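If you look up Swiss-Prot, you'll see H58, H60, K150, D315 marked as Zn(2+) 1 binding site, on the strength of experimental evidence. What Swiss-Prot lists as N6-carboxylysine is K150. Taken from Swiss-Prot, the feature Zn(2+) 2 binding site applies to K150, H183, H239, supported by experimental evidence. Swiss-Prot lists Y155, S288, N337 with the feature substrate binding site.
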Amino acid sequence: MTKLIKNGTIVTATDIYEADLLIQDGKIAVIGRNLDESGAEVIDATGCYVFPGGIDPHTHLDMPFGGTVTKDDFESGTIAAAFGGTTTIIDFCLTNKGEPLKKAIETWHNKATGKAVIDYGFHLMISEITDDVLEELPKVIEEEGITSFKVFMAYKDVFQADDGTLYRTLVAAKELGALVMVHAENGDVIDYLTKKALEDGHTDPIYHALTRPPELEGEATGRACQLTELAGSQLYVVHVSCAQAVEKIAEARNKGLNVWGETCPQYLVLDQSYLEKPNFEGAKYVWSPPLREKWHQEVLWNALKNGQLQTLGSDQCSFDFKGQKELGRGDFTKIPNGGPIIEDRVSILFSEGVKKGRITLNQFVDIVSTRIAKLFGLFPKKGTIAVGADADLVIFDPTVERVISAETHHMAVDYNPFEGMKVTGEPVSVLCRGEFVVRDKQFVGKPGYGQYVKRAKYGALMADQDVVKMS
């Protein structure tokens, strides 16, 4: 049915204006003032912003890790995302050495099909570069529309790839038009530090942070940037948590390299002291990279403001405190890494960023949606409000105040790392391809409505000035 959103203030990455939006066949059909209401369902957005739907470039739903599986699957995870103002996610498809990439991708399709309530795509993890993998990658891009590959520089003996694998992936990505993503921590040194800590009898959650110091994130980030320069390729550094990594990304961008940086809300508002909470509650805040000392927060905020970091992902990777995080009692290395973040990503950036004057409203939209769409081959179908774009829209009340709590969130976990935090602004209604998923803060979507999205190659949808040194 045709829908007409009236009386809202439309906000994109570049503009703010008052207009009506006419939606037909899942697309934005007309943008204008005082549009004809006949035959349309009218939605009144008085007092609200209308944003492009958020895009979360970093989720781990229904993912095995550390002897267990993340609690949120593609149903609960995408429902929570929708309540938070996200209409598209890109999840990480894990691969196994020696196994065809196609098999891993089929596994991830099976996890999502019939469950997702919003649209989704996949990144592909690269754990080894063999002749078979190199032969399969062009098919992955052409047939599956997967145009981003992730390499882990940490998690020794689990996910970690060596530098040769990273370099060869960068070279292949340049030739194929893909974007390489890295988890940048020095896994070899972390492996040594964690073993030494345990030998010395240090088992508490705080040692997760103390054995993964920011210097090791900075070192790995710099190494990845140098390999990117050598390969003449493109790099996206995920979940940047510290000043040392920001510095290396800024250096690379100032040299004109195609290097991009993502941070996450947890690094903007939480700090290392949370890992010292008594009664093992610090385990709730164990993820990698770890939370840093508080002073890093303003460095990250300034990097978002100045364009040294460009996007905000959630790194959604949720485990229950009881029964899952508790697997690490007596050994911090056994605590499943990750947290439930997907639902609060947009609200935290708006409340702590826009409301507190750290970033502008246009920057906010760019950081949670538009830039991600451009980098990952979704723009202009997604990530903007324009005629012909998917009607992925968030009607957002900027005045509502609420307190984040596990009692009211929609994630399938027994805690929220932002428990008790007051935020201003929240989504009222959320549409994905013109259909309500959330309406008046009530879930009205359907599992299975979400569609798999094939993505364009890196750079195909970006203007030249977007690719290099875009601030």
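Cβ atoms are placed via backbone N, Cα and C, with glycine included.
Ranked by CA distance from Y155 (substrate binding site), the binding-site residues H58, H60, H183, D315 have H183 at the top as the closest.
Residues Y155, S288, N337 are the ones the record ties to substrate, and the longest Cα gap between any two of them is 11 Å.
In sequence order, the binding-site residues near H58 (Zn(2+) 1 binding site) (Cα within 10 Å of its Cα) are H239, drawn from H183, H239, S288.
Secondary structure from DSSP puts N337 (substrate binding site) in coil. Within 10 Å of K150 (Zn(2+) 1 binding site), judged by CA to CA distance, lie the following binding-site residues from the set H183, H239, S288: H183. Between the CA atoms of H183 (Zn(2+) 2 binding site) and H60 (Zn(2+) 1 binding site) there is a gap of 14 Å, rounded to the nearest whole number.
Those residues of the chain, other than Y155, S288, N337, with a C-beta within 8 angstroms of the mean position of the substrate site C-beta atoms are A154, F159, H183, W287.
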